[in-house]
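Visitor: My questions will all concern the structure given below.
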Ligand SMILES: Nc1nc2c(ncn2[C@@H]2O[C@H](COP(=O)(O)OP(=O)(O)O[C@H]3O[C@H](CO)[C@@H](O)[C@H](O)[C@@H]3O)[C@@H](O)[C@H]2O)c(=O)[nH]1
Ligand SMILES: [Mg+2]
């Protein structure tokens, strides 16, 4: 099997094809070919990141906060136009991912979060996109509500805030109503932590061992 070394990949040229809201680039690079040769390939790279997202959890009441918002790409594919997702946003230049989370949670959800912990740092679609996502989990309680959320109306954001039980949110994954990857990852993470069924855990704890 050939060795695969990062240092053997040489970027030759980078050309910007489009630079409007996001940037699309065509990259030409050299990679090792067979029998000691090298070959040149072209790839397009879409720069739509980096971003950060958060799943706020109220463990006492067994609830999570999600958002529902228009995603025109999903509509173009023939899926629902309004997707249910975790709160997320693009990271402004110079901001740390956790700072983005704090801002987005206030803007989109109207909540102040506590105990913000990073869970994943991942690429959403590395074959075509440079978007790197930082995903967090955080705590919230009813008294942390500081506004109505909804996003920035001047940017055209009309975000609806959903507060759902763990089970109801997971049901939406299983029934295919939640189809956003970062949201499914985070809800799955919550289940793996073993806090996803507080009612069942409580009743099991209180029942006689079988
Ligand atoms: N004018 C203009 N505005 C845009 C465009 N695309 C997005 N916007 C606006 O830019 C803002 C982006 O809002 P954020 O909350 O920062 O991001 P997001 O839409 O939730 O999603 C972004 O972050 C996610 C998490 O990183 C990503 O998954 C997603 O691809 C995107 O980068 C929104 O007001 C949106 O309407 C565009 O092509 N043109
Ligand atoms: Mg957003």
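Here the Cβ of each residue, glycine as well, is placed from N, Cα and C on the backbone.
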Visitor: Per TrEMBL, which of 88, 128, 130, 181 sits in the Mg(2+) 1 site along with 108, 157?
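Guide: Within the candidate list, TrEMBL flags 88.
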Visitor: Can you tell me whether DSSP puts residue 157 (Mg(2+) 1 binding site) in helix, strand or coil?
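Guide: The residue in question, residue 157 (Mg(2+) 1 binding site), is coil (DSSP, three-state).
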Visitor: Identify, in sequence order, the residues in the chain of residue 157 (Mg(2+) 1 binding site) that are 6 or more apart from it along the sequence and have a CB within less than 8 Å of its CB; answer 'none' if there are none.
Guide: 69, 108, 150, 151
Visitor: I'm trying to understand the geometry here, so how far is the Cα atom of residue 104 (Mg(2+) 2 binding site) from the Cα atom of residue 88 (Mg(2+) 1 binding site), in Å to the nearest whole number?
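Guide: Computed Cα spacing between residue 104 (Mg(2+) 2 binding site) and residue 88 (Mg(2+) 1 binding site) is 7 Å.
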Visitor: Grab the pLDDT values for the domain 'Nudix hydrolase' (47-186) and give me their mean, rounded.
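Guide: The answer is 97, the mean pLDDT of the model over that range.
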Visitor: What is the set of residues, excluding 88, 108, 157, whose C-beta falls within 8 angstroms of the centroid of the C-beta atoms at the Mg(2+) 1 site?
Guide: 67, 69, 87, 89, 104, 107, 151, 159
Visitor: CB neighbours of residue 104 (Mg(2+) 2 binding site) within 10 A?
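Guide: Excluding its own Cβ, the number within 10 Å is 24.
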